[in-house]
């Protein structure tokens with residue numbers, strides 16, 4: 001779920017608050033359209049698409065689905081998720097959090113004008 005995703009981000013990117021990712025580019029945060037502005041925004045587009053795939057699983061609601069995972073020294077592991085939805089959503093969030101850690105953060109792409117840059 002989104003709370004766990006926030007915690008995963010704090011695991012892989014401990015030196016930057018999770019809310020820096022909540023309104024970044026065209027895809028990080030609510031909704032998403034246009035072309036990603038950079039590598040970090042592409043991480044978010046991929047995460048959005050992953051959630052869309054998760055929603056195709058019967059009764060799977062990725063924004064609120066809880067799952068089990070471990071964070072150890074910046075390494076994330078999804079664990080003990082017997083149900084398909086939990087395992088899928090955990091992996092969506094894990095892959096995105098790792099992607100965030102590897103992508104440059106460009107301050108100019110925070111809080112962009114969606115109408116101007118995301119058509």
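In case you wondered, yes, glycine gets a Cβ from its N, Cα and C as well.
Computed from a predicted structure; not experimentally measured.
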Need a hand: Swiss-Prot gives 27, 29, 31 for Ca(2+), which of 38, 48 is also on that list?
48
Filter the disulfide-bonded residues 28, 60, 78, 90, 92, 118 down to those whose C-alpha lies within 10 angstroms of the C-alpha of residue 48 (Ca(2+) binding site); answer none if the list is empty.
28, 92
DSSP three-state assignment (helix, strand or coil) for residue 50 (disulfide bond):
helix
Top Cα neighbour of residue 44 (disulfide bond) in the set of recorded positions 27, 29, 31, 93:
27
